[in-house]
Amino acid sequence: MLKKTNFKNKYIVWFSLLIITLVFFILTSFYDLKLSSHIESNLNKTWFTAIFDAYGRVCLFLPIYLFFFIFLLSFFNNLKFSKKQKIIWIAIFNCIYLIIEVTFLYFTKHFILQKNEFHISKFIFSIFFTFSLVGFIIFINIYLRNLFNNENNDINIYFKKALKASIFIILLFISIQLLKIIFGRNRPEDVIVQKENFQWLFQINFSKVRGSSFPSGHTAAAGAMLSFIYFLEGKKIWKKIIIIFIWVFIILTAISRILMSKHFLTDVSFSILIVILYYSVSQKIVKKIYEGKK
């Protein structure tokens with residue numbers, strides 16, 4: 001009887017959340033264009049938008065590095081590499097990873113210095129976040145130094161956590177890219193300034209001029225930082241602080257994308273929705289994988 005009651009309560013909660021979500025997207029979709037049209041042009045390129053434009057490009061490299069680092073150490077363990085061999089190969093991986101990150105920022109025009117305040121700000125913050133990535137890599141290599149030992153069984157525990165993170169991020173960004181391709185929604189700046197066609201939420205753009213507004217990739221990248229929660233133990237105060245910090249940055253990134261006229265409100269809102277969805281789903285997938293091995 002208790003199980004049936006719990007199931008019923010759980011069903012009611014999920015159904016209520018579904019209704020609230022649907023109502024939210026229906027209401028906000030009516031104000032998408034109106035909201036973006038009322039944003040003043042001087043808010044598009046400020047130090048605030050420069051910070052979170054750079055952050056949205058770089059932050060994804062942090063969780064990806066962590067799960068690759070753990071996967072590599074697990075792979076080296078299986079090959080019976082010595083501690084020295086592991087350190088050498090991880091050092092090579094670190095260098096290659098940083099080169100990829102810098103190259104990515106260069107081709108996304110974050111490392112091209114132009115003579116205007118916004119691009120200078122974006123250049124400076126891109127350098128700052130790149131050095132933050134370097135600091136993160138050093139921290140991970142020191143904090144998880146025990147994983148370099150073959151006899152350490154902790155690698156299996158971390159492997160499971162890394163698997164959750166990798167599935168979460170892969171599902172998230174495959175979905176983001178597929179939805180961008182399918183819907184081709186024009187960005188607010190194209191609709192308002194270039195007078196291109198406006199598409200409603202979930203309306204497919206069949207015109208020749210197609211955009212990539214829906215959903216927001218930057219917001220999803222900020223949301224991918226939630227994968228760090230998989231690695232946090234217990235209910236310590238610093239865990240709560242980190243979770244709050246991540247969510248604050250997700251919201252600020254979403255706001256910056258709206259202010260830059262890169263995304264509508266429903267674009268960033270939908271990204272946050274699928275971040276929450278895949279964060280939960282990835283844990284269930286890994287649980288099923290490990291249950292199948294027993």
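Cβ atoms are placed via backbone N, Cα and C, with glycine included.
Note that TrEMBL annotation is computational and uncurated.
Per DSSP, the secondary structure of the domain 'Phosphatidic acid phosphatase type 2/haloperoxidase' (161-283) breaks down as 85 helix, 0 strand, 38 coil. Marked as domain 'Phosphatidic acid phosphatase type 2/haloperoxidase' by TrEMBL: 161-283.
For 12-31 (among others), the entry in TrEMBL reads transmembrane segment.
Residues of the same chain lying 6 or more positions beyond the ends of the transmembrane segment (54-75) and with a Cβ under 8 Å from any Cβ of it are 86, 89-90, 93, 97, 101, 104-105, 108, 110, 122, 125-126, 128-130, 132-133, 136-137, 140-141, 144, 147-148, 155-156, 158-159, 161-163, 165-166, 169, 217-219, 221-222, 224-225, 227-228, 231, 249, 253, 256-257. For 54-75 (among others), the entry in TrEMBL reads transmembrane segment.
Panel annotation: around the transmembrane segment (87-108), residues 57-58, 61, 65, 68-69, 72-73, 76, 81, 126, 130, 133-134, 137, 141, 148 of the same chain, lying at least six beyond its termini, place a Cβ under 8 Å from a Cβ of the stretch. Taken from TrEMBL, the feature transmembrane segment covers 87-108 (among others).
Taken from TrEMBL, the feature transmembrane segment covers 120-144 (among others).
Positions annotated as transmembrane segment by TrEMBL: 165-183 (among others).
What TrEMBL records for 214-232 (among others) is transmembrane segment.
Summarising the annotation, TrEMBL assigns transmembrane segment to 241-258 (among others).
For 264-281 (among others), the entry in TrEMBL reads transmembrane segment.
Beyond the transmembrane segment (12-31), the same-chain residues lying 6 or more positions past its ends with a Cβ under 8 Å from any Cβ of the stretch are 200-201, 265-266, 269-270, 273.
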